[in-house]
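What TrEMBL records for 20-66 is domain 'Ribosomal RNA small subunit methyltransferase E PUA-like'. According to TrEMBL, the feature domain 'Ribosomal RNA small subunit methyltransferase E methyltransferase' maps to 76-243.
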Amino acid sequence: MPDFRVFIPPLASAAADLTLSGSESHHLVTVNRALSGDPVVAFDGAGNEWDTTLTVAHRRAAVLTIQRHRQAAARKCEIILVQSMPKGGVMENIVRQATEIGVSRIVPLQTARTQVQLDPGRQAKKRDKWEATALEAAKQCGNPWLPHIDPPREFSDLREICSDADLILIASLEPDSPPLASVLQTSSAPEKTPRRVVWLIGPEGDFTPEETREAIAVGATPVSLGSLVLRCDTAATYALAVVNAAFNP
């Protein structure tokens, strides 16, 4: 695979050449030092990729010539991460790891123990930052699909968020929660393989008992991620990777 990957908006029509945006041109030509004649993969985040050649190495308006188009196969199982928002830059790391694993949607969630409270202006800025982080991760790992990132949602929206899920899992610290492996084994039979899985990952202090009860009422199954208490970003990465390996081999 060529070392260079660039993002382009979805194409309205077929074209022989692509002119990149100023930011993508700058990143390709100035930051990555791509030269005329170098192979470049362009992708639109919706599964479309184009093998191209850099024909005009301009730092504000680079031009690519298309050789071949390909459509990536859709994943057998869509994975949705519903993540209680952590403080600091931890959410960016979660977005990066989730994109590399291949989740289809990320839902930042306000919970009773969420330590981050964002006004509408800060919500928009945070979402822009998360989307930029996802794009950077997709370029780095070769993922042709960008996850949809919701604006921060309230816990009361949970039923709507999970409405189309075949399997809803909630990470739990309760000692009587079944281990993740046993739940996945039950769900891995061919006739039961889910098409859409929702993962609920709580804040550092876990979901409140009331929130857990509400999630169970929506259809969530509490599961244990092991005997150790994991940070929320570690829990998210572990949970997503295990489910992805089980349902998207």
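Note: Cβ is positioned from N, Cα and C throughout, glycine not excepted.
Within the model, the domain 'Ribosomal RNA small subunit methyltransferase E methyltransferase' (76-243) carries an average pLDDT of 93. Residue counts for the domain 'Ribosomal RNA small subunit methyltransferase E PUA-like' (20-66) under DSSP (helix as H, G, I; strand as E, B; rest coil) come to 10 helix, 19 strand, 18 coil.
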